[in-house]
């Protein structure tokens, strides 16, 4: 059975999702019907065809006044309408991939359902009243056909949670911290620009490193409540345009060694977390993980263990491409759940 899919917001994640649907070999059940985006069709087509981080899109791309055309598929372009006015019912939309980065609460999701979509999946951390927040590989088996308003968490949650889960299961977990070393994002200016809502985000993105606020610890403890008060996180924006890293320090319950930590992570990457988590022992740099579809890749050369219980890890992740692929994974799973026709 196929699903009719719409993308709401055609920014970095929205465009990555479209590419992933076309580049992967398992996405035939996903039929991309519409994109809601205020940019004009020429700009939409150009930014689909070319990307400064991911390179040229190796598919034929064109447009007409109301469609983006990829290969022979015409995708309806909607001019950035508010959710209440979107023609999801008329278009038979089964799933909206909400990629605007705006309000991620139940009322915002309900607006898409009221417009006629069967489901909505947010591409960002959402309020606790979602039907479920899904971290693929951790709790995706808990998705039910009754779930209508979902969140895929964040790129950072999808990177950090597997590591904490593996360490906790293997060695126990006392407490820890994590620092996201994140590529620059489009909420940062190219040159210094006055912004009253965040003084640090007033500074030029590519001229320095910028600490910003993060709710990552809160997102982790919603999914793993037993870690409440035992994990905290910071976030540093770096002057790069693609690929990020997670720097993690955890104090474990049981004495361990570097070899044991490496084995636990390697086993998980080839087992329960296969295709979502990877490991690498080559002397690489961040650029080598651009367009990597996994949620995180542990750099085995950077594992450290101090005094038998302090474990330090470095995990690379393409914050756009990896997360977009988790959105696609969830969309495919939702399609498999729906064996009944619309009605």
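Residue numbers in this text run from 1 along the chain shown.
Using N, Cα and C of the backbone, Cβ positions are placed for all residues, glycine too.
Here TrEMBL flags 3-155 as domain 'Glyceraldehyde 3-phosphate dehydrogenase NAD(P) binding'.
Sequence annotations record features per position, and here TrEMBL assigns NAD(+) binding site to 12, 13, 123, 319. The DSSP secondary structure for residue 123 (NAD(+) binding site) is coil. Proximity of residue 123 (NAD(+) binding site) to non-local residues of its own chain (separation of 6 or more, Cβ distance below 8 Å) is seen for 13, 14, 97, 98, 99, 101, 152, 323, 327, given in sequence order.
Taking all protein chains in view, 26 other C-beta atoms sit within 10 angstroms of the C-beta of residue 155 (active site, nucleophile). The active site, nucleophile annotation in TrEMBL covers 155.
The site 'Activates thiol group during catalysis' annotation in TrEMBL covers 182. Taking all protein chains in view, 22 other C-beta atoms sit within 10 angstroms of the C-beta of residue 182 (site 'Activates thiol group during catalysis').
Nearest neighbour of residue 155 (active site, nucleophile) by Cα distance, taken over the recorded positions 12, 182, 319: 319. Taking CA atoms as the reference points, residue 182 (site 'Activates thiol group during catalysis') and residue 319 (NAD(+) binding site) are 8 Å apart. Those residues of the chain, other than 12, 13, 123, 319, with a C-beta within 8 angstroms of the mean position of the NAD(+) site C-beta atoms are 11, 14, 16, 99, 155, 320, 323, 324. Take the CB of residue 13 (NAD(+) binding site) and look out to 10 A: across all protein chains shown you find 25 other CB atoms.
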